[in-house]
Each structure stands twice: as structure tokens, then as C-alpha cells.
Amino acid sequence: MDMMKIIKKYINSEEEAQKLLKWAIDNANIYYLRNIVNTKVNIEETKFKTVHNIGIEYSKDNKYKLSYRNKPSIATNEKYKELCNLIRSTNGIEKETLRYLLFGIKCVHAKVEYDIEKVPDYDYSNYFDVLKEKSTIRCVACKSNNTIPMILQTRSSDEEPTVRVVCKDCGKNFAPPRLKFN
């Protein structure tokens, strides 16, 4: 199957098509999981002929269990119908690659990044290194600021936890100073 030919039906840029194909093949190889195929020989499907098509398809697995699946009453993915049909007709690693290609093509058309590794993340640096020297408690034994608070025991919501401060330099632990309320 010529994947490049399939991509070219949806994407005009040669460079973008090459990048997308490489990304899809890499991800399909990494995250490929075997799809468990229903091996039951007899699957009876009953289609309801209702006055109002509510979009539910009824399928009967065996005589004891019933399962319901949503069946869209409005055809979706008309723009990508050929690619969706290819996904249905293939299996294995090709199917996974085509699924990634479909996702990537939709992202390219929507002008969003398809590679999660390139999506900019939030800057969490403000949440780390919160225990600076100015905000840490001074050790009662060696007067060092290299201390860290530790919760030893948590209680119910109406009681405060047992907290001790441990000095990393001398190894002593002590109770934190109490705040006085007027």
C-alpha cells in the first residue's frame, strides 16, 4: 500500500506529507497493540425500522447478552471517507499507521500540531523550588536554613496534621514554631 499516495490526496505540501508519514509510522510501531477480534461465529444484527431513527444499532452477541452500540444517523467523515474505508479493510500495523495518518491529516487541516512531543506545555517552574532560604525555618540546633517540613501523621479534616521540621545538615528534627493568634 502506497501511504504517500494516500496522504497526497489530502495534503498538497510534499514536506508536510513526508513529516506526517514518518510520524505516523514511528508512532504506529511504538504504540501498536493487537486488536482483539471478536471470534464468535454467529453474530446476529437486528436493525430496527423505527419511524424516528434515534441512531442506536442493536446487536445480539449470544442468546443471553445484549449489547448496544451507537450508530450515527448522520454520515460523518465524508471528507476522509476513502481513508476511513481503508482503515476498516486493513489490519495490523498498516491499520495503526492509517489511523495515525487520519488523525494527523485532520490536525493539519485544522492547523494544529499533531505531534504531542512538539505541543508547548505550561511552564511549571514556578511550582518547584518553593522552599527557598528566606521561607524555610531555621534549625534550632545548628542555625542552618537547610530544613524541610515533613507531615508525620494526618488526621480527620477538622484536625491539623502532625508536622515536624527536619534539618538536612545536622539531622535533628523539631516542631515548627506555632503561630499566635490574638
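Note: Cβ is positioned from N, Cα and C throughout, glycine not excepted.
Looking at the stretches 53-93, 135-175, the one that Swiss-Prot records under the feature zinc finger is 135-175. Sequence-distant neighbours of CYS167 (Zn(2+) binding site) (same chain, six or more apart, CB under 8 Å from its CB) are CYS139, ALA141, CYS142, SER144, ASN146, THR147, ASN173, PHE174, listed in sequence order. Of the chain residues outside the Zn(2+) site list CYS139, CYS142, CYS167, CYS170, VAL140, ALA141, LYS143, SER144, ASN146, THR147, LYS168, ASP169, GLY171, LYS172 have their Cβ within 8 Å of the site's Cβ mean position.
Every protein chain considered, the tally of other Cβ atoms within 10 Å of the Cβ of CYS139 (Zn(2+) binding site) stands at 21.
Classification of CYS167 (Zn(2+) binding site) by DSSP places it within a strand.
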